[in-house]
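According to Swiss-Prot, the protein carries these features:
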BINDING   ARG40, ARG46  NADP(+) binding site
BINDING   ARG135, ALA136, SER137, GLN256, ALA257, GLY300, LYS315, PRO316, ILE317, SER318, THR319, ARG341  FMN binding site
COMPBIAS  272-283  compositional bias 'Basic and acidic residues'
REGION    272-296  region 'Disordered'
Amino acid sequence: MLRWITAGESHGPALVAMLEGMVAGVEVTSEDISTQLARRRLGYGRGARMKFEADKVTIVGGVRHGRTLGGPIAVEVGNTEWPKWETIMSADPVDADLLADQARNAPLTRPRPGHADYSGMLKYGFDDARPVLERASARETAARVAAATFARGFLRQVFGVEVLSHVISIGASDPYAGPEPTASDLAAIDASPVRAFDKAAEESMIAEIEAAKRDGDTLGGIVEVVIHGLPVGLGSFISGADRLDARLASALMGIQAIKGVEVGDGFETARRRGSQAHDEMRPGPDGILRSTNRAGGLEGGMTNGEALRVRAAMKPISTVPRALATVDMSTGEEAVAIHQRSDVCAVPAAGVVAEAMVALVVAQAALEKFGGDSVAETAANYERYASGVAARLAR
């Protein structure tokens, strides 16, 4: 089974991603990972950290000469700011006098509404929010994006598919309602400052960000992930835990600041009558044809051959420049929340992280379905299955 885990803190020496269960022969280089991490830093409305944050990638194990070996994969994403934080974030004990001289070490006792600070301090018995925010930070997603580069490579080599995303809306901007982008559109989407697939939508999003910036506020938004060309039958209806839509929803909800997920037309489908909610089928020369994809490529917890389409809603960033009302945990008195440098909007980057999680989950489901210890073996198993499906539909 494909499994992944990350370790590390936002201002620690490095983030680490571990990926277990990936087959041998997946073609991935350090440069490929760096490319995906650079995409994660994209986006209009990002903060100052993105200007000097550089992700130094080191593949520690599981890869030789650009190909996976079949064993556990470890990737380290170094923190270029580590020298500034070496004393404060040291894993080993530090002399109290040394810490006292560090302005950055001042206790953070005013939790931010909407962040993990308050609950984390109480749950783990911390008097300071620093240990909470360091791990809860969205910086952790860099490690997930690194791990997912292998899943993306696997899906590309076995199925010939690409995972892409685009921003549907930011704040109250006019939502995009046009056709689904394809893999050939990814470069154009990444070239957009807000990763939009439409110029009018892009302009509306930028206007929203500029207005929030002037007001000392932050914005959320909606992203969509699309994969064209997946085979029928990834996932299962056998149990709730095996349903691919449930697994995708869990993975996307596990991204920092994501508060909602929908598959296909999702919540809009609930407003329709059954006759207008489903994707009718008719025979075609090469199989079943559908004129709509309201289900988002998933029926009964399984892929149905149509484009996989899922959306995630990101809340506004909880580190608000004008600061929200809170309580100082050291005194119990009213206070304003702590404010560290932050983005006005990180929705474009959230799309790249959402791609990563979808890639990992779909690769996991594909390995469960087709098995194998190498890319060649998995691809051969898939080809046999695809031939059988095609023969059955041709009857």
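Just so it is clear, glycine is given a Cβ too, placed from its N, Cα and C backbone atoms.
Remember, predicted model here, so these are calculated numbers, not experimental data.
Counted over every protein chain shown, other Cβ atoms within 10 Å are most numerous around ARG40 among the binding-site residues ARG40, ARG135, LYS315. For the binding-site residues SER137, THR319, counting C-beta atoms within 10 A of each C-beta gives the highest total at THR319.
When each of the binding-site residues ALA257, ILE317 is scored by how many other Cβ atoms sit within 10 Å of its Cβ, ALA257 comes out lowest. Using DSSP to sort the residues of the compositional bias 'Basic and acidic residues' (272-283) gives these counts of helix, strand and coil: 4 helix, 3 strand, 5 coil.
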